[in-house]
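Novice: Below: one structure in structure tokens.
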């Protein structure tokens, strides 16, 4: 894959790992079979792997419990040109009133392609690119006022990568980065996509699983079910199950006593990670988190 064909994350996602992707890559096993990512979110590690020409991924399984997110991945993979047109239509109509109408339509829409188009439009026009739902599962993020830099909706390039005009409300301007969406479509061509609970994946001995759940004690409203302490305990038990079956796994989570206790049998390394979504750029800073593996990797420590 050439530099110009390198795909980048096409959604902004709370807890996204784009800045950490090189570090995560360095801690992956040298060899493995199939690749699984059951909390795909923005998919930063997957996109990083796609950009590494020395990595040859064979069977790739990306999944998440968030249905609109998986609709977006599937639409990019299977119907990217139609998706570009539909998102462009939403952008052309972009006003505060239209945003509120689109948000209401998104809550009841059942057509996968239109769900994907609305999802991507809302993801880039909402406040700080945050995806959040209430207990009824309805997207409830207000309209954004800042213009976020984005590989999907291009706000900063002097020469737009879009054949469609930008929409602007206040100082929020959004364009479709068609080039990146097409690169993403090519990268996703041979992937298996599923909307499912993390426990539904079926890796075999020697396969590799990267798990990036909503962190303990942090934002988890990606889905109406949330991700509470019991879900974290269930995930830790699932990782024990993976280990017993000879499946290689790497897991990211917040650095706290509970997480260290749940994963005591495994290797734990502390990382400093940038905060990608916060109320202001000043507040984004860094947070401590841990990287947990059930195999030896470079610079692993258990402080």
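Glycine is treated like the rest: Cβ placed from N, Cα and C.
Copied straight from Swiss-Prot:
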BINDING   13, 17, 64, 212  S-adenosyl-L-methionine binding site
Novice: Hey, for the S-adenosyl-L-methionine site built from 13, 17, 64, 212, who else sits with CB inside 8 A of the CB center?
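Specialist: The answer, listed by sequence position, is 15, 16, 37, 39, 40, 41, 42, 43, 44.
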Novice: By a simple count, how many Cβ atoms lie within 10 Å of the Cβ of residue 17 (S-adenosyl-L-methionine binding site), its own Cβ left out?
Specialist: 24
Novice: Check residue 64 (S-adenosyl-L-methionine binding site) against DSSP and tell me helix, strand or coil, would you?
Specialist: strand
Novice: Long-range neighbours only, meaning 6 or more apart in sequence with Cβ under 8 Å: which ones does residue 212 (S-adenosyl-L-methionine binding site) have?
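Specialist: The list for residue 212 (S-adenosyl-L-methionine binding site) reads 15, 17, 37, 39, 41, 45, 251, 252, given in order along the sequence.
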Novice: Can you count the other CB atoms that lie within 10 A of the CB of residue 13 (S-adenosyl-L-methionine binding site)?
Specialist: 24
